[in-house]
Structure formats: structure tokens, C-alpha cells
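Structure first, commentary second.
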Amino acid sequence: MAYKKYLNKNFAIFCGPGNNGGDGLAIARLLSLSGHAVQVFLLNSASKRSSDFDINYKCLKEVASVIIDLKEISLPSLAADTIIIDAIFGTGLNRSLDGFSKQLVEYINRLNNKVVAIDMPSGLLTDLSSKGLTAIKANNTLTFQCFKAAFLLPENEEYFGNVHILDINLHPSYLNSVETTFELVDQQFISSIIKLRKAFSHKGNFGHALIIAGSYGKMGAAVLSTKACLQSGAGLVTAHVPAKGVEIMQISAPEAMCRIDTQSEIISNIDYDLKPYTSIGIGPGIGKEKMTTSFLYQLLKDYQKPMVIDADALNILSENPDWLSLLPPGSILTPHPKEYARLFGNDMNDLEKINTALQKAHDLKIIIILKGHHTFIATPDGKGYFNTTGNAGMAKGGSGDVLTGIITGILAQGYKPNEAAILGVYMHGAAGDNAAAKYGMISMTATDLIEALKTPDLLTK
Ligand SMILES: NC(=O)C1=CN([C@@H]2O[C@H](COP(=O)(O)OP(=O)(O)OC[C@H]3O[C@@H](n4cnc5c(N)ncnc54)[C@H](OP(=O)(O)O)[C@@H]3O)[C@@H](O)[C@H]2O)[C@H](O)CC1
Ligand SMILES: [K+]
């Protein structure tokens, strides 16, 4: 019913010489036939035109429509309520815009008219970084058949607006034939990962997670990650905390057992066998005291199973980069953009960040979760996963602690590290969407995220 607001509007459709332009001509014909006032502006029509373009041009000529070749006029003036349809370039764009096409796109961007881009905002490269390029800033993008990588990069957000995927019934064999490094993590993808619980299960079947977190004044991070871990399905959860943090932890998360550090205010050592634990999550609120730093080094030396490493544990690693080679294979790093920059460098555009994460995941045999809108998960086998849940309301203190707890809890249950990372990120975002729906993005907190995990159909809706 969204189209209702476009009834009785007039349209200016800008068409390039290829199939994207061909789509624009087809849209012009359909809008004209449904009684709308349509102006069509052709760009570079003299250059090599695709057959789709020619076919649709011929069909449009049979329908009364205003077709103006832009080579004859300067930039057209349009009524303020005219809807602009951008069918200049689509997935065939293979270089940045220049000359008149750049001028036209800059002109359209200066107007206040509503803009609908067809398949891709013209000027946006489908699979490469478009940072610093000129591209159409659309209010809505109608893209064919599937998401393009460009729509998943934060740096492109100002160009694509709301993305609507239109199914044009492309044959599945064609889609399967398209080689891609990336997968989209949606509910369908998740359903292929989830392990259902058997009726006669007992807590021993769901593992025992160990959360190593907290320091004096930063016990909240330890509580958030422990509570999130409890609610991610782990059978047993133990929290290793500084001595002064025990009461706080026992009162806040009574279901968790505690291991008490010999130091009162920081994490400094583990004097017990780690064998009973089926996963370890370390980092939230631990600080970077010398004794904590050497503790982390010792743990990396002694412990060979995958660990979830977050927050200050990541910052300690970025200050001791040669320790990265000590990471147990399958470990899951969960850096936010700043922690990522400290670990792997900061002067990168979004695509370079993604490619670096894939390279480092491969070289170090680890999983790197690059947190952001469409959190990206890089896995050691070179595949990358874009998450589809979550929202800006989650960009708050504590949200990362919750994610660490969730992933550690899922890992404890026997999921492979790749699966635990993907499922944990999806679950975290889905809980965030529920929290936003209940409390709004501004007021929701990390505690609300944990509460929202208690949604029966969290992973199935
Ligand atoms: N997704 C699908 O399966 C379908 C998509 N469709 C539509 O087809 C376009 C892609 O069409 P294509 O003809 O491949 O290319 P474009 O229309 O995007 O571009 C046209 C030509 O423009 C030239 N080009 C490329 N970059 C520039 C530039 N910076 N400046 C000027 N010209 C440029 C290029 O030709 P060259 O010879 O110059 O390289 C392009 O060929 C897709 O987006 C959809 O809209 C189908 O309709 C259905 C199936
Ligand atoms: K376009």
C-alpha cells in the first residue's frame, strides 16, 4: 500500500544506455499506461546501447511519453514534487562517474525531490568501495533479487536509503552459479545452524561456560556478560572475578558460580583446572593492569581451546601484537571499530576493513566479529557473513559485554566456533530489535538486551 502515496504524482526518469536504463524505460511505459505524467531523460544515448535498452525504447515510443535526450539540453528544471527515478547506471558501473554523468548526479543530489534508485544508486560500485565517489543519494533503492555488498557497508548509507529487494524470479541455478565470499545471516540461515534440545536433556548436556571478567569499578561488565551467558542456553556458568566483586556477582547472577581471584580488585591468576569448562569468554571490564596483562599471556600459553576475547583483553593484545600468534585456533575476537583499528590498523575504508578481517581470520585461524550496523563475521575459511539483525539503539555501553556472554554461552553448548559467532551475533541483534520495539532506541539499555533474550520465538520468527 506504500505505493498509494505515489498515485497522481509526476515522474522524471533518468535512463542510462544499458540495461539499468532499459529498466527505467520499462518503468516509464508502465507509469504512463497507469495514467501518470512521465518525463524521460536519456543520458549517453548515442553511446553503445544495450539490447534491453533498445527493446524498451521502442515499446516506450508507442506510448505517449515525453522523451528528452540530455545531450540537447542543459540540466532539466523539475517541479519540487516530481519523483525522480534513477535508472542511469546499475550493476554495470565499472568506474567512477565523470563528465556529464557526474554533473547530472551532483545536480540531482542538490534537488530536494524524492529519489528512487533502480537496482543501485548510480555511481555506487556494487562490490568495491565507493568512498569519496559521486553517487545518487536515494530515499529508496529498489534492487533486484538480492542484497548487494554495497548495501552492507556503513560508508554507503547516505546513498541507498531504504533498500527494497524485488524478486524478479531469477533462476536459482543462476543465483547458485554466482561465486561469492559473503553470506547474509537471516532467519533462514540461522535455522540451518540451531541445535534443537532433546526432551531428556540435563544441564550437563549444555556445557559449562567460564566468564573471566571485571575489576574494581567495572563489575557491571562482568555481571552483564555473565547474565547474558546464562540466558544463551549454557548448562552451567562460572564467573571468575576479583575478590571484591564476588558479592556483586552472587547477588546479581545467583545462577552463576564464582571463582575468586587472589587479587581483590583485578584478575591476576587462575589456580584451578580449566578442563571442566567447555568455553571461556574473557575481557569485559578486566582493565589492563600489569598482573592482568601477564595473566592473559599465561592463559594464551596454557589454554588451547577456542576462547571469546573482547574489550580490554583485545586492547592488551593490540599492545602485544606478537601474542596474536598464541591465540588458540577457533578463538572468537569481538572488536568494535576502535578496538579493531588498534589491532589491525585504522586508515581503511569499509571494504578494506572487511578484507583485512578475512585475511587475519585466515592467517591466525580465528573468527573476527567486526561489530557495527550489519556486523560482519570473518571466518578462517575465507567466508564472510553479514548479520541482518540489530539497530542503532544497541550502540551503548554494555552491549558488547552482552554479546561476549551470549557467544561464550553458545560455544559452551558444543556449537562450532563459526556457528557460535554467527548465531550469537544474530541472537544479540534480534534481542536488540525486540528491546528497541519495546523501549525505543534512545532509552533501551544493555540490561534490556538481556531481558529481550527471553523471547520464545527470538530465533524462529
Ligand atoms: N540483477 C539482474 O540479474 C538483472 C539486472 N538488470 C538490470 O541490468 C543492470 C545492469 O545493466 P548493464 O547493462 O550491465 O549495466 P548498466 O546499465 O549498469 O551500465 C550501462 C553501461 O554503462 C557503462 N559504464 C559503466 N561505468 C560507467 C561510468 N562510470 N561512466 C559512464 N559509463 C559507464 C558500461 O559500459 P562501458 O562499455 O562504458 O563499460 C555499462 O555497460 C542492473 O543494474 C539492472 O538494472 C536486468 O534488467 C534484469 C536482470
Ligand atoms: K540506478
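Counting begins at 1 with the first residue displayed.
Using the three backbone atoms N, Cα and C, a Cβ is placed for every residue, glycine included.
Sequence annotations record features per position, and here TrEMBL assigns (6S)-NADPHX binding site to Ala221, Gly285, His336, Asp401. Per TrEMBL, AMP binding site is recorded for Lys371, Gly372, His373, His374, Thr375, Gly400. For 1-176, the entry in TrEMBL reads domain 'YjeF N-terminal'. Residues annotated as domain 'YjeF C-terminal' in TrEMBL: 186-460.
Of the binding-site residues His336, His373, His336 has the largest number of other Cβ atoms within 10 Å of its own Cβ. Rounded to a whole number, the distance between the Cα atoms of His336 ((6S)-NADPHX binding site) and Lys371 (AMP binding site) is 5 Å.
Note on proximity: of the binding-site residues Ala221, Gly285, His336, Asp401, the one nearest Gly372 (AMP binding site) is His336, by Cα distance.
When the C-alpha distances from His336 ((6S)-NADPHX binding site) to the binding-site residues His373, His374, Gly400 are tabulated, the minimum falls on Gly400.
Under 8 Å, Cβ to Cβ, and six or more positions away along its own chain, Asp401 ((6S)-NADPHX binding site) finds Ala213, Gly220, Ala221, Ala222, Leu224, Ser225, Ala228, Pro284, Gly285, Asp310, Ala311, Ala446.
Shown in sequence order, Pro284, Asp310, Ala311, Thr334, His336, Lys371 are the residues of the chain, 6+ apart in sequence, with a C-beta less than 8 angstroms from the C-beta of Gly400 (AMP binding site).
DSSP assigns Lys371 (AMP binding site) to coil, not to a helix or a strand. Look at the binding-site residues Gly285, Gly372 and count other Cβ atoms within 10 Å of each Cβ; Gly372 has the fewest. The AMP-binding residues named in the record, Lys371, Gly372, His373, His374, Thr375, Gly400, extend over a maximum Cα to Cα distance of 15 Å. The average pLDDT the prediction assigns to the domain 'YjeF C-terminal' (186-460) is 95. Whole-number maximum of the Cα to Cα distances across the (6S)-NADPHX-binding residues Ala221, Gly285, His336, Asp401: 15 angstrom. In the three-state DSSP reading, Asp401 ((6S)-NADPHX binding site) counts as helix. Residues near Thr375 (AMP binding site) in space but far in sequence (CB under 8 A, at least 6 apart, same chain), listed by position: Ile369, Phe386, Asn387, Gly390, Val425, Gly429. His374 (AMP binding site) counts 21 other C-beta atoms within 10 Å of its own C-beta, drawing on all protein chains shown. Look at the Cβ of each of the binding-site residues Ala221, Lys371 and count the other Cβ atoms within 10 Å; the largest number goes with Ala221.
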